[in-house]
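Listed features, source Swiss-Prot:
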{"type": "BINDING", "residues": "28-35, 76-80, 133-136", "note": "GTP binding site"}
{"type": "REGION", "residues": "200-228", "note": "region 'Disordered'"}
Amino acid sequence: MAEDKTKPSELDQGKYDADDNVKIICLGDSAVGKSKLMERFLMDGFQPQQLSTYALTLYKHTATVDGKTILVDFWDTAGQERFQSMHASYYHKAHACIMVFDIQRKVTYRNLSTWYTELREFRPEIPCIVVANKIDDINVTQKSFNFAKKFSLPLYFVSAADGTNVVKLFNDAIRLAVSYKQNSQDFMDEIFQELENFSLEQEEEDVPDQEQSSSIETPSEEVASPHS
């Protein structure tokens, strides 16, 4: 018997069961451990989806924040970062960013400025966490990293190898993303919402008069567009 192609997967079904959803992106140079951090956090429960068309890996996760079920999409660069720039669609409607550098490779720390500049070009207001990965020597946590201080960004010392601070990092990132989405003042969000509203208005204008008159006779509830 042929498989029913229309049946939603468990991951897709999560969209309907969740109270809300957020998108969290990861930035940083190649081989700083972004994917390893996500896999360490999600462990056996993760189901990565390779989206080669967009040169990214998508990880889906369900979290509970303040009693609500949140569907989280973690976006990983999947090698696209080797070009030192990401496609604009990568940033589209992101609610938080995790920016990673390898504490043992100074060049990855210096490149944070480039990644941060690009992030703010597309997402001026979303919360961003700076992550120092691969802390084999605990003494490195005593070092001062001016980049995070300069931009008033939280700095986490983590290890994908042994799991140090990984769970806290991602749980905090999820909470920041949810809080941002609920209280967003991002100008780009307003622009996207205006464009979506404009498209809806255009569609209504294109409806034939007969259909419009029949729709007027049928009462319907006004549904507010969710804030993204």
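Including glycine, each Cβ sits where the backbone N, Cα and C put it.
Values in this document were obtained by computation on a predicted structure and should not be read as measured data.
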Count of other CB atoms lying within 10 Å of the CB belonging to Lys34 (GTP binding site): 26
Secondary structure at Lys34 (GTP binding site), reduced by DSSP to three states: helix
Sparsest-packed of the listed binding-site residues (Ala31, Ile135) - C-beta count within 10 angstroms: Ala31
C-beta crowding around Gly28 (GTP binding site), within 10 angstroms: 24
For Thr77 (GTP binding site), the number of other Cβ atoms found within 10 Å of its own Cβ: 22
